[in-house]
Amino acid sequence: MARKKIALVGAGNIGGTLAHLIGLKELGDVVLFDIAEGTPQGKALDIAESTPIEGVDASYSGSNDYAAIKDADVVIVTAGVPRKPGMSRDDLIGINAKVMSAVGQGIRANCPNAFVICITNPLDAMVWVLREVSGLPHNKVVGMAGVLDSARFRYFLSEEFNVSVKDVNAFVLGGHGDTMVPLPRYSTVAGIPLPDLVKMGWTTQEKLDQIIQRTRDGGAEIVGLLKTGSAFYAPAAAAVQMAEAYLKDQKRVLPCAAWVEGQYGLDGIYVGVPTIIGAGGIEKVIEIELNADEKAAFAKSVDSVRGLIAASKELMPK
């Protein structure tokens, strides 16, 4: 059976990290695309030269021509500008909406059957633009946010409880921004919900609230430390997990920015929800029961995403 083809649109820090991880997991051949001449070619060659050391059989190539992504099975989009200190994800909308329009046209022309994962911020709105322009089915275009936000939440909880990250399950609902909604009631350590761990004296509600806020600020914390860009190792790992679930039909339950129509009382919007990812793309949106506080927080997050999508509509090339 021929190897799968994975196209990475954007050869910056995330794109390069994605290419390396995809090779290490032997998910398929990799094409790096970027408008910067030499960058995708150089990174592809560098990673290709590591394959004899790592024992990886995969082809790597770089290009400045969208034709190179033709017939890709998976496309992961990281093109656009990253955050700098003091910026919110939403500040990027003016530039990145135009970038997503160009990328969407490239996908429509070259690989209309691909499963597309978007990482570019402001995430939920950029997924919407990408889907609108590419014309792909909603279940084949998705945003990487929830896996990353949930991973940050899980890591902070594992540090607080001094337990393996493998024993911590947690997930985050809503938009990928300051209004995201970490859900303690649905987050567990070895199956024990966080509210019960507070009652057991493992932590305090105050500490838990601090961890939830740190999760919301997780991206900004890294931007502040790096000063010249944003996170790339964890976002790349999150997108690869989603791509692997699709390519191997794993039916993984993963939170991501998916098209929600009917569930949660929503009438068609991209926002972070738990989903099942398999060979059909987003095969199911899982609708969980929310209490009054969680519903209010989720509604606030949805409103924020709606505002960003409305702004994106104005910015898209006519």
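Just so it is clear, glycine is given a Cβ too, placed from its N, Cα and C backbone atoms.
Among the candidates ASP29, ASP34, ASP73, the one that Swiss-Prot lists alongside GLY10, ALA11, GLY12, ASN13, ILE14, GLY15, ASN96, ILE119, THR120, ASN121 as binding NAD(+) is ASP34.
Scoring each of the binding-site residues (ARG83, ARG152) by how many neighbouring Cβ atoms lie within 10 Å, the top position goes to ARG152. Among the binding-site residues GLY10, ARG83, ASN121, the ones whose Cα sits within 10 Å of the Cα of HIS176 (active site, proton acceptor) are ASN121. When the Cα atoms are compared, ILE14 (NAD(+) binding site) and ARG83 (substrate binding site) turn out to be 13 Å apart. Cβ environment of GLY12 (NAD(+) binding site): ASP34, THR39, THR78, PRO82, PHE232 lie under 8 Å away, each six or more residues apart in the same chain. In this view, ILE119 (NAD(+) binding site) is surrounded by 28 other Cβ atoms within 10 Å of its Cβ, with every protein chain counted.
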